[in-house]
Amino acid sequence: YLAPGLGAPAPYPDPLEPKREICELNPDCDELADHIGFQDAYRRFYGTV
């Protein structure tokens with residue numbers, strides 16, 4: 001039983017989240033990520049993920 005206001009534990013943090021945010025701040029990277037996926041777009045703009 002969980003007390004009211006308490007939900008499930010937070011999910012494990014995504015180690016790629018900081019890089020995903022960098023890509024999202026670059027409009028060209030963000031647009032490319034919509035087409036080919038975040039990891040491939042990041043790799044094209046910034047090198048290895």
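The backbone N, Cα and C atoms fix where each Cβ goes, and this holds for glycine too.
What Swiss-Prot records for this protein:
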- 1-47: domain 'Gla' (DOMAIN)
- Pro9: 4-hydroxyproline (MOD_RES)
- Glu17: 4-carboxyglutamate (MOD_RES)
- Glu21: 4-carboxyglutamate (MOD_RES)
- Cys23-Cys29: disulfide bond (DISULFID)
- Glu24, Asp30: Ca(2+) 3 binding site (BINDING)
- Glu24: 4-carboxyglutamate (MOD_RES)
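Feature map: Swiss-Prot annotations on the structure.
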residue	record	DSSP class
Glu17	4-carboxyglutamate	helix
Cys23	disulfide bond	helix
Cys29	disulfide bond	helix
For the recorded positions listed here (Glu17, Glu21, Glu24), tell me which residue's CB has the most neighbouring CB atoms inside 10 Å. Glu24
For the disulfide-bonded residues Cys23, Cys29, which one has the sparsest Cβ surroundings, going by other Cβ atoms within 10 Å? Cys29
Other CB atoms within 10 A, centred on Asp30 (Ca(2+) 3 binding site): 15
Where does the mean pLDDT land for the domain 'Gla' (1-47)? 87
